[in-house]
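Report on the structure given below.
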């Protein structure tokens, strides 16, 4: 396994930039900033793209500018162009089943109702075997309130917790890319904010 493409899921536009559903994009944006890279819009990949070198390895970055439920269009375009296999892709996304201040890495799995993941799995030939960075945003407690919740902006204290987990995930990214997933998982999963 070699991570060659890191994707941060989001909805496009200023009105969504600070919403919980864009937590994946917050991670990719911080990653680019840490490594002094600028994300540039590339229409052929339907998103903002960048490139990092981690431990001598080239890693592409992507924040789709499609709506969340069409994220797979951007991911498939970039993966096809650079011949990147699903198992070499890391997709960062908001996760209702984790609390703010926590993040988890995993390989494969279902989409858990997340429309961005659902479309990516479909566009990668129904292949769910890509890595996920699940960024905790919590759950509103009622499934009927989920849409409003993910499209809402977290209060300041909650956003600080989400940002602290993203910050730790960025620190673990080089371990994931240059060493191994288990080491990165152990460090990230042990993280506690504060």
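Every residue gets a Cβ built from N, Cα and C, even glycine.
These numbers come from a predicted model, not from an experiment.
Just one of 16, 191 is listed by Swiss-Prot for the same tRNA site as 67, 69, 115, and that one is 16.
Sitting within 8 Å of the Cβ centre of 16, 67, 69, 115, and not among those site residues for tRNA, are the Cβ atoms of 11, 21, 66, 68, 70, 71, 116. Shown are the recorded positions 11, 115; of these, the residue with the fewest other Cβ atoms within 10 Å is 115. All protein chains included, residue 67 (tRNA binding site) registers 16 other Cβ atoms within 10 Å of its own Cβ. If you take the C-beta of residue 69 (tRNA binding site) and look for same-chain residues 6 or more apart in sequence within under 8 angstroms, you find 115, 116, 118, 119. Residue density at residue 16 (tRNA binding site): 17 other Cβ atoms are found within 10 A of its Cβ, drawing on all protein chains shown.
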